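First the structure, in the form of structure tokens, and then the observations on it.
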Amino acid sequence: MKTLGEFIVEKQHEFSHATGELTALLSAIKLGAKIIHRDINKAGLVDILGASGAENVQGEVQQKLDLFANEKLKAALKARDIVAGIASEEEDEIVVFEGCEHAKYVVLMDPLDGSSNIDVNVSVGTIFSIYRRVTPVGTPVTEEDFLQPGNKQVAAGYVVYGSSTMLVYSTGCGVHAFTYDPSLGVFCLCQERMRFPEKGKTYSINEGNYIKFPNGVKKYIKFCQEEDKSTNRPYTSRYIGSLVADFHRNLLKGGIYLYPSTASHPDGKLRLLYECNPMAFLAEQAGGKASDGKERILDIIPETLHQRRSFFVGNDHMVEDVERFICEFPDA
């Protein structure tokens with residue numbers, strides 16, 4: 001049995017000039033995930049379920065657990081003195097860690113994705129993304145350090161809190177998964193070099209919003225539902241409503257996750273920096289693809305911290321199909 005800590009140290013040789021800082025950073029995220037796991041499991045007992053009454057910068061009501069997870073992860077990262085600052089879906093602006101100007105990494109995160117599902121005991125997750133800063137080491141970080149395209153990511157991953165808690169991450173050398181053993185307090189390697197199955201057969205989208213979708217997406221949904229034995233259609237529809245949970249299932253079983261633009265969200269709803277980029281990085285490392293319907297997600301240069309984007313991620317052939325439909329059936 002190999003633990004996450006042992007695995008990370010073992011893989012340090014894959015990085016030239018490795019100093020151990022990235023290893024320590026991933027260890028800090030691991031610690032934050034353990035704390036969140038513990039408190040999610042007793043959330044109904046300690047009054048951290050439900051809405052907090054506050055709104056985040058996007059105008060969304062923050063759940064108590066959103067804020068809790070944000071603070072715990074932030075504290076775990078700051079305590080190691082290896083992160084110069086963070087950007088979070090739950091923070092209006094970047095958070096600069098005083099005294100950590102010497103650090104060369106920044107972290108972007110969605111502390112608790114799908115938190116509205118907590119009250120009904122549905123899987124939720126944590127998403128994280130790691131970049132090397134672009135401003136000089138020794139100075140405070142600025143927004144410039146965070147507004148980098150996804151192809152500059154050093155590492156990315158997620159933690160899914162479900163029937164078991166699992167941490168999945170990549171440093172650009174494959175995707176690896178670790179299951180948390182609460183009796184030992186460690187994450188143990190369960191899958192190495194994960195890949196999407198050759199052919200996907202599941203599509204994940206909130207079909208309740210069908211009438212609001214672009215024409216190309218509507219046509220693609222109909223394509224998924226049509227019978228065609230040569231392409232193993234119809235595909236199966238599965239939608240949990242938690243990006244981490246939907247992505248994780250599709251990674252294991254094969255499929256595509258879709259979150260297109262709508263009239264009320266013309267740029268899409270998912271955040272480029274906190275959700276799209278890390279998941280796109282993982283998808284490509286696992287042999288999949290991620291797109292906004294026209295452009296590779298990892299090539300998009302972000303303009304603002306909380307920028308949104310349409311998002312299609314999963315098996316490469318399925319993402320290519322939806323891109324084709326969007327191109328062939330544009331909105332008037």
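Quick reminder: no glycine exception, Cβ is built from N, Cα and C everywhere.
Since this is a predicted model, take the numbers as computed values, not measurements.
Of the residues Glu89, Glu90, Glu91, Glu143, Swiss-Prot puts just one in the Mg(2+) 1 site with Asp110, Leu112: Glu89.
Of the listed candidates (Glu226, Glu227, Glu275, Glu284), Swiss-Prot assigns Glu275 to the same Mg(2+) 2 site as Asp110, Asp113.
Residues Asp113, Gly114, Ser115, Ser116, Asn206, Tyr239, Tyr257, Leu258, Tyr259 are given by Swiss-Prot as substrate binders; from Lys218, Lys229, Lys269, that same site also lists Lys269. In sequence order, Ile205, Asn206, Leu243, Gly268, Lys269, Leu270, Ser310, Phe311, Phe312 constitute the residues six or more apart from Tyr259 (substrate binding site) in its chain with CB-CB distances below 8 Å. Spanning the residues Asp113, Gly114, Ser115, Ser116, Asn206, Tyr239, Tyr257, Leu258, Tyr259, Lys269 that the record associates with binding substrate, the maximal Cα-Cα distance equals 19 Å.
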